[in-house]
């Protein structure tokens, strides 16, 4: 009869075998969805059951869950309906920064059996940011003799939105001297320039205050403003000019603070104060920029730590202004070089608490690895100890499964401590270790074995009922319920022997008892067998005066051990015979010797006497 634990183990075996087949069935094509950013939490994204062709309720039955890098929860999955819902509002700029396309990659993991589906959600931009100037006011010093049509650079505003929702146009407040022209940069961003339409006269108007407005392309558009303060100065007919319009430089992300990045240089053909040049960061707030420039020497140095994984490129605009207020500018393109400063990360998705013995290729754990570094610094290798019966198998992208290499034997080793080591290929190599403990659950694969190959027990005839005549003992190397031994008497070989009325055994401890008074003259020999796997007991009669005929058994002289019944109280038998009980058995080989009833050699008697004695023996126990 098959027990419930064995059925469960068989079911697990089938499941684990199916897991290994399904691990490779995950499609390489991702399911793509799209929705606007800032959509309310709880909003419907998609029905995964329908899109994946799964049956109703299959997601719940197979333990489906959503995996996103770092175990961050962006979605919630209704396993009953298959609906994928937003867990919280998603901010495109917060998740993807200033990139034009914001795609969130996530995986649907089915645990029973294991199967992966790749999915991605594209967050489309909404116009949720207004243009913003970093400075509330910008100062321009313009000589009064500047010609009509002269162009002056203005600082740009920032808008974290993308596409048509970012800055599309600049305007200037109404005045009689200037207008603004909006230009396109090579990367698609817009920047303003101030154009002089009417000549300035310092004596007539020494300064102007104009409002510069940045407008995005939303509907309705958002805007931001700053003040342009124009001071009209005396003649200075040469503006500073940089030796290079573009400086390109690379800097490692682990460079120490105050490291020299680059030196820029500009010259002014004017003399005196009109020819003295001062350098400054033209675009960007000094507080937020990781760089600082010496206004005299033009040295650009690092003032904040860099992080390649956060920002890889900087475009810094430098202004050189002379004493007369004229300025020129250049651009410094700074590329941050990656160094191996991030150790690999391991995220455990599935971990089984125990693994049954005797099962081939069982899935123990499913996990993913990641490293935000680039190139070889981000390439990883996974490994475990060599002396373990386990293997690591790559499954889907950076997912791995830990499986058993061969069937485990709990009786040899019941617990394994496994260290998963993830090492990147950078210089120096960085690694992360994750320790797991695998418990081997027991399978009933060991038979009980008796502690002795044979037992010899003695009892005198005419004993008291319920006499304890001895104990047998067996052990089982399995664990738990599989190691609990129960003793029982098996039916005798001769169905006419009323074994149940002669001897009993305690099912828990193996104690043997004579249930009734035994009469040697009536009872010559009988079989039983004890079930704990299979053994046989034979009762033989022996003469008191020494060795029995044919050398089958012997009886010691003098008093018997205390556990035997002394009927007369003198320490000797009240009759001239005793019974010997002998138990034999194997040690789990399932092969046993069947002992037949043995009759001792009796004094010579006629054939009629022997027949009469046998009839008396049978009649005394109700044999027919």
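Placed from the backbone N, Cα and C atoms, the Cβ positions cover glycine too.
Copied over from TrEMBL, here are the features:
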DOMAIN    31-133  domain 'Cadherin'
DOMAIN    134-242  domain 'Cadherin'
DOMAIN    243-346  domain 'Cadherin'
DOMAIN    347-450  domain 'Cadherin'
DOMAIN    451-532  domain 'Cadherin'
SIGNAL    1-30  signal peptide
Helix, strand and coil totals (DSSP H, G, I; E, B; other) for the domain 'Cadherin' (451-532): 7 helix, 28 strand, 47 coil
Residues of the domain 'Cadherin' (31-133) by DSSP state, where helix covers H, G and I: 17 helix, 42 strand, 44 coil
Secondary structure content of the domain 'Cadherin' (347-450), with strand meaning DSSP E or B: 4 helix, 54 strand, 46 coil
Rounded mean pLDDT for the residues that make up the domain 'Cadherin' (243-346): 91
